[in-house]
Each structure stands twice: as structure tokens, then as C-alpha cells.
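Participant: Heads up, here are the entries from TrEMBL:
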BINDING   L14, G15, C16, G17, K18, M19, A69, V70, K71, P72  NADP(+) binding site
BINDING   N56  NADPH binding site
DOMAIN    13-98  domain 'Pyrroline-5-carboxylate reductase catalytic N-terminal'
DOMAIN    162-265  domain 'Pyrroline-5-carboxylate reductase dimerisation'
Amino acid sequence: MDLSEVNARGLVLLGCGKMGSAMLEGWLAQGVRAASVWVQDPHPSAWLQSTGVQLNAGLPPDPAIVLVAVKPQMMADALPSLAALGNGATLFVSVAAGTTIGYYEQVLGAQTPIIRAMPNTPAAVARGITAICGNPVATAAHLDLAEALLQAVGKVVRLEDEQQIDAVTGLSGSGPAYVFHMIEAMAKAGEGVGLAPDLAMELARATVCGAGELAHQSPESAEQLRVNVTSPNGTTAAGLEVLMAQLPDLMARTVKAATTRAQELGK
Ligand SMILES: NC(=O)C1=CN([C@@H]2O[C@H](COP(=O)(O)OP(=O)(O)OC[C@H]3O[C@@H](n4cnc5c(N)ncnc54)[C@H](O)[C@@H]3O)[C@@H](O)[C@H]2O)C=CC1
Ligand SMILES: O=C(O)[C@@H]1CCC=N1
């Protein structure tokens with residue numbers, strides 16, 4: 001991965017809340033220099049102030065990338081302040097759910113290379129996954145640059161069709177929250193069968209993390225990994241009989257609701 005252009009020309013981060021911080025933490029750990037990062041955020045966290053990035057300072061004239069990580073609802077206030085950088089030389093990358101490439105083209109001009117991206121918060125530990133797609137003036141070199149930046153914090157997949165990004169948002173953008181909720185639900189269930197709350201949480205958290213790591217490292221499919229736990233007529237089979245009757249439908253409705261909300265944000 002080559003981030004030398006980012007270090008040489010600079011990276012502007014507009015909005016550094018939960019998602020911006022997750023990515024920034026990963027970039028700094030992966031060799032992006034704090035002095036090459038300009039962050040614009042009216043409410044900087046204590047962590048952000050400790051990083052050594054250039055905070056709410058005058059911007060460089062020709063940054064390699066502007067990464068937009070404000071809430072879609074704040075976009076109309078925040079984005080116009082960077083319109084002068086929409087001159088074609090700087091690549092804009094947006095991680096905002098719902099905000100379309102067309103909206104950016106309206107504010108910045110259609111000559112601006114724009115890449116819409118949907119990351120997730122495991123970027124903070126370099127285990128995110130981000131889907132990207134570009135507007136017509138985003139070249140292969142622009143896509144490669146965005147990919148290099150986002151690969152520093154995890155995997156990157158490319159989409160042909162911008163419409164798909166709402167579904168990606170519903171699945172992997174929001175997905176970490178589904179998994180964290182599963183930890184909460186498993187811990188509560190452990191309490192229900194008689195374990196102390198702290199122990200139940202420790203067991204639930206380690207189980208989800210361990211299973212995630214096994215799925216990450218193993219060449220076997222998720223289905224096979226599930227089968228490997230399930231002894232015929234054993235305890236897992238008894239548990240899965242309950243879970244598999246409900247979870248597929250529940251998960252389908254969960255992802256659909258998040259996808260629909262992403263579509264609404266884009267209107
Ligand atoms: N949190 C997540 O898991 C993910 C979030 N996203 C997207 O990332 C974006 C940010 O989401 P979060 O980080 O969760 O929200 P957040 O509320 O934690 O962060 C937003 C940041 O923008 C700052 N801000 C507000 N007005 C501003 C302005 N005018 N100029 C510059 N900064 C301003 C706020 O002070 C705040 O720090 C959203 O568009 C969201 O759709 C995308 C993928 C995952
Ligand atoms: O909840 C949200 O709207 C953002 C987008 C994906 C994850 N968090």
C-alpha cells in the first residue's frame with residue numbers, strides 16, 4: 001500500500017466522531033503522519049487533541065484527499081466550507097450513509113473526483129471492510145489511492161453500482177452493532193441460566209471474538225465451522241434448533257430496515 005501521496009500532499013478529515021476517529025486511529029498506526037492530517041471538527045475529542053494532527057487549522061492548498069465523515073444531517077452545513085477544494089486536483093471520499101455522489105457533484109462541481117465509501121468501525125483495529133465506488137471523473141488512480149488509504153484499516157471491495165451501497169450500509173456498515181448486540185443478548189441469556197453477570201459477559205464476549213477470529217483465519221465456510229461445533233443430538237443442535245427457526249428472518253428484517261433507512265437518507 002502506498003500512502004506517500006497522502007503524507008506528501010495531506011489528508012483533510014471533515015468530521016472526526018466515531019467513524020472518523022476509528023479510521024484516523026488506524027491510519028496513524030499504519031504510517032500516516034499526524035503532521036499530514038488536517039481535521040475540521042467543532043467538537044474535537046480529548047483523544048483527537050492528543051494525536052498531534054492539525055486541528056481546525058488553515059487547510060493545505062492541494063491535499064491528496066478530503067475524507068468527509070460528518071453525519072448526513074450535518075452535510076449541508078459542513079461541506080460548502082470545502083467547496084474551493086473541488087477543483088479537480090483533490091479526491092473527495094465520503095463515508096456518509098445515504099449522501100449520494102450526485103449531491104457532492106452539486107456542491108463541489110462535476111469536475112471533482114468523488115468516491116463514495118462505506119466502512120465500519122473495526123477499522124480502528126485494522127479489521128474494517130469498506131465498499132467503494134466512484135463518479136465518472138474518478139480515475140483508476142483515484143480508486144487506487146482511496147483503496148490504499150482504506151486498506152490501511154482493513155479490506156476494500158469495489159462496487160460497480162452506487163445503488164448497492166445502501167445494502168452494504170445495512171449489512172457491513174451497521175453490522176458491527178448487530179454483533180455487539182449479540183454479545184449483550186448472549187450474556188443476558190447466560191445470566192438467565194444461572195451465571196453471574198460479569199462471568200456471563202466475559203464468556204459471551206470471548207466466544208464472539210474467538211468465533212470471529214476462527215472465521216477470519218480458517219479456510220472453512222461459516223456453515224462448516226457451525227457444523228464442526230454441532231455434535232449429533234448434542235447441546236449445540238438443541239440450541240440451534242431454536243436459533244435457526246428465528247434468526248434468518250430476524251436478520252433479514254434487520255438488514256432490510258437499515259438498508260431502507262440508508263435509502264431514505266439519500267432522498
Ligand atoms: N459510526 C459508524 O459505525 C459509521 C458511520 N458512518 C458514517 O460516518 C459519518 C459520521 O458518523 P459518526 O462518526 O458515527 O458520527 P459522529 O456524530 O460520531 O461524528 C460526526 C462528527 O462530525 C462533527 N461535526 C459536526 N458538524 C461539523 C461541521 N460543520 N464540520 C466538521 N465536523 C462537524 C461532530 O463534532 C462529530 O465529531 C456519518 O455520515 C455516518 O453515516 C459510516 C459507516 C459506519
Ligand atoms: O447508523 C448509521 O447511520 C451509520 C451508518 C452505518 C453505521 N452507522
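For all residues, glycine too, the Cβ spot is worked out from N, Cα and C.
Unlike curated entries, TrEMBL annotations are predicted automatically.
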Participant: Excluding near sequence neighbours, so keeping only residues 6 or more apart in the same chain, what lies with its CB under 8 A of K18 (NADP(+) binding site)?
Facilitator: T121
Participant: Cα of C16 (NADP(+) binding site) to Cα of the residue listed as 'NADPH binding site': how many Å, rounded?
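Facilitator: Approximately 11 Å lies between the Cα of C16 (NADP(+) binding site) and that of the residue listed as 'NADPH binding site'.
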Participant: Nearest to N56 (NADPH binding site) by Cα distance: which of the binding-site residues L14, A69, K71 is it?
Facilitator: L14
Participant: Taking only same-chain residues 6+ apart in sequence, whose CB is under 8 Å from that of K71 (NADP(+) binding site), what do you get?
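Facilitator: Same-chain residues close to K71 (NADP(+) binding site) (Cβ under 8 Å, separated by 6 or more) are G15, G17, A96.
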Participant: Same chain only, sequence gap of 6 or more: which residues have a CB within under 8 Å of the CB of A69 (NADP(+) binding site)?
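Facilitator: Counting only residues 6 or more apart in sequence, the Cβ neighbours of A69 (NADP(+) binding site) under 8 Å are L13, L14, G15, C16, G17, M19, G20, M23, V95, A96.
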Participant: I'd like to know which of the binding-site residues listed (K18, N56, K71) lie near ligand 2, counting only a CB under 6 Å away.
Facilitator: none
Participant: Rounding to the nearest whole angstrom, report the longest C-alpha distance spanning L14, G15, C16, G17, K18, M19, A69, V70, K71, P72, listed for NADP(+).
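Facilitator: Max span of the NADP(+) binding residues, Cα based, is 14 Å.
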Participant: If you count Cβ atoms within 10 Å of the Cβ of N56 (NADPH binding site), leaving out that atom itself, what do you get?
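Facilitator: Step by step: centre on the Cβ of N56 (NADPH binding site), count other Cβ atoms within 10 Å, giving 10.
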Participant: Within a 10 Å radius around the Cβ, which one of these binding-site residues has the most neighbouring Cβ atoms: L14, C16?
Facilitator: C16
Participant: Could you check what DSSP calls L14 (NADP(+) binding site) once collapsed to helix, strand or coil?
Facilitator: strand
